[in-house]
């Protein structure tokens, strides 16, 4: 009897320790916790990620308007994973890590099918250039039916996004929401586009139009993500010095297609007299923002001093 009584405190302490361990694992990782429950014979336990209960009320972003409802975007994320389209993602095998983020952001028509091991399979927000909308419409079921929970944010100049019937891209989007009523498609307002141009001028001292350049989809992604996310982890984006570093890794411009070399494309755009993206200049700005916001870059790693 005395032996049993001595064991009870030890059992109680062990049980409490186990509960604390499970709670800690739940806080640290909402994804692998259900797998641990399976080990205890509860595979059918209904699981609600703790991060769902901790989320802040949705924040309204008035610079982005729903094509169907004409309502502004409501979005608020905790930890965001922003996945680059770069060939740097090939072979990284960080798909599971990416999918553990509260919100996964992708750009343009970058696919997940066939690349899940490297880039994950979930997408919550997809920021898309007006020039990439026709690429989405080549496979509309994949982007707007299978991925109906994804929020699409389309950016483009007023001439293509105008709502008076003369905006060629806006007309495409209107037809898309008619065909796919569950699709969540938002367009960037003219005022927000002007704001993004202003940020570029403030950060670089250069007028975007006068310098003959176009902002990249990455630029628009960062502008929105910094408003919507508490912290940001960027995967597969190179910094401004990468292409001049001896022995740098040569990769395709996109992870999902062979062809253009990433660094060649960056240098071509950076020095184009007209119509180019200032990718390298933008990366300098991103590094500056990382000093002020909770932003980290990996695969490859950035040193932000």
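Residue numbers in this text run from 1 along the chain shown.
Yeah, the Cβs are placed from backbone N, Cα and C, and that goes for glycine too.
Features as listed in Swiss-Prot:
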type	residues	note
CARBOHYD	239	N-linked glycosylation site
CARBOHYD	301	N-linked glycosylation site
TOPO_DOM	1-8	topological domain 'Cytoplasmic'
TOPO_DOM	30-305	topological domain 'Lumenal'
TRANSMEM	9-29	transmembrane segment
Alpha-carbon distance [residue 239 (N-linked glycosylation site); residue 301 (N-linked glycosylation site)] in Å: 9
In the chain carrying residue 239 (N-linked glycosylation site), residues 6 or more apart in sequence that have Cβ under 8 angstroms from it: 283, 287, 297, 300, 302
Conformational class of residue 239 (N-linked glycosylation site) under the three-state DSSP mapping: coil
Cβ atoms near residue 301 (N-linked glycosylation site) (within 10 Å, other residues, all chains): 9
Averaged pLDDT, computed only over the residues in the topological domain 'Lumenal' (30-305): 88
